[in-house]
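Single-structure report; data block below.
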Amino acid sequence: MRRGKKVGGIVLIPYSAAIAVEQSLEHLWEQILERLQHQLSRPTFETWIKTATAEAFDGKVLRLSTPNPFARNWLQKYYLRTIADVAAEILGHGIELQIGVLSDTSAEPESGAELWPAISPPPAVEVVKPPTTTAGRPPLRSSDLNPKYVFSRFVVGANNRMAHAASLAIAEYPGREYNPLFLCGGVGLGKTHLMQAIGHYRLEIDPDAKIFYVSTEQFTNDLIAAIRRDSMQSFREHYRAADVIMVDDIQFIEGKEYTQEEFFYTFNSLHEAGKQIVLASDRPPSQIPRLQERLISRFSMGLIADIQPPDFETRVAILQKKSEFENMPLPRDVIEYIAARYTSNIRELEGALTRAVAYASISGLALTLANIAPVLTPPTEKMELSPEMILQTVAETFDVSIEDLRGNSRRREVSLARQVGMYLMRQHTDLSLPKIGEQFGGKDHTTVMYSCEKIGQLRQSDPQMGKQLQEINDQLFVASRG
C-alpha cells in the first residue's frame, strides 16, 4: 500500500491516490442522493439535499457543505440522521456526518471545530413522503387553493431563496421553527404562491389538517358578520381551531383597531398552542402604519423573509417553466425579450408571456419576436378605439348584451361588466366622465368615477381581474390594428 510522504508535518497524498479518494467521494454522494431522492418529497430533496455538496470523506467522517447557514441548521436538525443512515446502508458501517457552510470553506480555520462542528445525530426523524392524492381533503377557509401554486412550480432564485426555504421548512414541520413566518415583498413577487404551496404540502401529508388561507379583508368581514349576528364565540372558536393559518395582505389591518384587537388574541391563542402562523405583506411589520406595537412585536418574533424582484436569469427560468407547464413553447429570443423588459414583478412577467401567446393566436401570426414585439412594447399613445368597439368587446367577454350594459340590471355579472366597460372607456378614449355615463344609458358621472376607482383597485389586488383586463386589452389592441 502506498503511503503519503510527510514533509514539514504535512502528509502529501500521491496524485493517483487523491484522484481515487475524489472518485470514491463522488460515487458515495451520488448513491446517497439517489436513495434520498426516492425517500423524500421532491421539494424537500431539491431544497435541502440536492443543494448540499460532499467535501471530504476519509472512510469514517463525511463532510458536507450547504449554501448558507440556514440550510446547514435545517439539515443538522431534521435530516442528519436520515443522511447518516443512508450512508451507513451503502457502506455497511456507521459514519460520522459533519456539515459546514460552503461560503466558509475557502478559508479553513486552524481548528476544524468552528467550520466542521462535531454533531451528535438527533433522534431519528420519520421521513414522510406525501401521498399522491388528497382524497377527503376538507374545504379550506375561503376557497380552494390555486392548483398552480405548489412548490414544484415555484422558481427559486437569489431574490427569494430564503423565503422559499423557510416556507418549505414550516410546511414540513409546522409550528416548530419560524413562527410566525412573515413573507415580505412587493406586488406579484410570489408571496401568495408560497403561502398556498404551504397549504398544498400540508394537505398532501395530512388531508384532515385544518388549513386556513384568508385575506385580511376576509378576516375583517367575518369579524363584522360575527358582531352583527352576535356570534363572536363561534368566530373565535372557528379561527382558533386552525392547524395552519395564512393571512395575506396583512398590511390592510392598519387602522382597524377592533380587527387588530381580535387578531392579537387569535394570534396568541394559536401561537401558544404551537400552531403555524404565516403572514404576507408588501412591507415589514415596522413599516405598517397605525399598527399596534404589540402586533409589530408579535409579527417580528419569528422570521421575516424578504422577497426581491427576480434577476434576469431567474426571470428567464420563470418564463421557461410557465411555458412548459402551460404547453406554450416559445423561442429563446422571445423569452429573453420578455425577461429583459418586464423586471418589476412576476405577475407582469407572466402576463406578458400570456399576452404574447394570445396575440399570436388571435391575429393568426407565427410566434416570432418580430410579430409579438408590438404587443409587448405597446405604443404610449392611446389606441384608436371607439366606445362601440369597447362595448362590443366587453359584452362578448362577459357574455352579456350591449343593451344589458346600457340598462339598469343589478345582476352581479352585468354590474361588473358595466364597471369594466366604464374603466376601459376612461383608459382608452378622451371622453369625459359624463360622456362615458351617456354611453352606458345615461349613468351619473359619480357612478362612472366609482366604477373606474373600483376596477382600478381590483386590477392591483385581484390577479384574476388583472388577467381578464389584459385579455380584453389584447383583443382591443388587435381590433385597433385591423
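Here the Cβ of each residue, glycine as well, is placed from N, Cα and C on the backbone.
The ATP binding site annotation in Swiss-Prot covers G188, G190, K191, T192 and rests on sequence analysis. For G190 (ATP binding site), applying a Cβ distance below 8 Å and a minimum sequence separation of six or more within one chain yields F154, N160, A163, I307, I346.
Marked as region 'Domain I, interacts with DnaA modulators' by Swiss-Prot: 1-96. The average pLDDT computed over the region 'Domain I, interacts with DnaA modulators' (1-96) stands at 74.
What Swiss-Prot lists as region 'Domain II' is 96-143, and the listing cites sequence analysis.
Annotated region 'Domain III, AAA+ region' per Swiss-Prot: 144-360, in sequence order, evidence recorded as sequence analysis.
Residues or ranges marked as region 'Domain IV, binds dsDNA' in Swiss-Prot: 361-482.
In terms of DSSP helix, strand and coil, the region 'Domain IV, binds dsDNA' (361-482) has 88 helix, 0 strand, 34 coil. G188 (ATP binding site) has a Cβ environment of 20 other Cβ atoms inside 10 Å. Shown in sequence order, A163, L183, C184, G185, D248, A280, I307 are the residues of the chain, 6+ apart in sequence, with a C-beta less than 8 angstroms from the C-beta of K191 (ATP binding site). Within 8 A of the CB centroid of the ATP site residues G188, G190, K191, T192, the other residues of that chain are G185, V187, L189, H193, L194, A280, I307, N345, I346, R347.
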